[in-house]
């Protein structure tokens, strides 16, 4: 069970809605993933249409919507998008994204912290997408963010946990949930993040661009479940030296 702010989730896998070939395929993949929290870019939704091709099937699926401010380049733009999302969707939950460079889509730490502080004061449940910077994550936690979402690698890159060393520090020091976001390319990346102690992962591109998104979503669901179980089982310590699983001492003594 995962708790963030006022909500609890059985699944530790969050999903996105971009890059799917159709809204039907998107919903089928989300259902196969078991995800209960789904991100939604406000720039992709036509709020004037109650039957929007993306929004309507998500509402019907009964998932918790997490609108995001993707496309915002400044704190001011992100705050405006957040207010629009709250008014249109009736939710105070928000994934805060501010990335001024469209080529790399790396989050702006200064603008993100500025916006997060303002949005928390306005009553939002803020989940900020941020770099894997332990100091920044602690500052975001201190201004009241409900969770932190450090990247594993650039958005959509499928590179995996390139920031593993920093993620380990963030996980160790955080008192709010840590959701590894961006760069996760295959189910084993997700399992590794959960084994490390992350509370959840957010996956979009890896599922949406697979030849079979529904099958890939199922694979991610199973990988996340395995990662959670592995962490709960408490793995043995790593050792520099070999440690025989079947010592032969007694057997050899019997032959003497």
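Note: Cβ is positioned from N, Cα and C throughout, glycine not excepted.
Summarising the annotation, Swiss-Prot assigns active site, schiff-base intermediate with DXP to 95. Annotation source Swiss-Prot lists 1-deoxy-D-xylulose 5-phosphate binding site at 156, 182, 183, 204, 205, citing sequence analysis.
A map of Swiss-Prot features onto the structure.
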residue : record                                         : Cβ contacts under 8 Å, 6 or more apart
95      : active site, schiff-base intermediate with DXP : 39, 66, 67, 68, 69, 127, 128, 129, 149
156     : 1-deoxy-D-xylulose 5-phosphate binding site    : 19, 105, 182, 204, 205
183     : 1-deoxy-D-xylulose 5-phosphate binding site    : 151, 152, 153, 154, 155, 157, 158, 159, 160, 161, 162, 189
Taking residues 156, 182, 183, 204, 205, which bind 1-deoxy-D-xylulose 5-phosphate in the record, the widest Cα spacing (Å, whole number): 9
Remaining residues near the recorded 1-deoxy-D-xylulose 5-phosphate site, that is with C-beta within 8 Å of the centroid of the site residues 156, 182, 183, 204, 205: 16, 153, 154, 155, 157, 158, 181, 184, 185, 203, 206
Greatest C-beta neighbour count within 10 angstroms, which of the binding-site residues 204, 205: 204
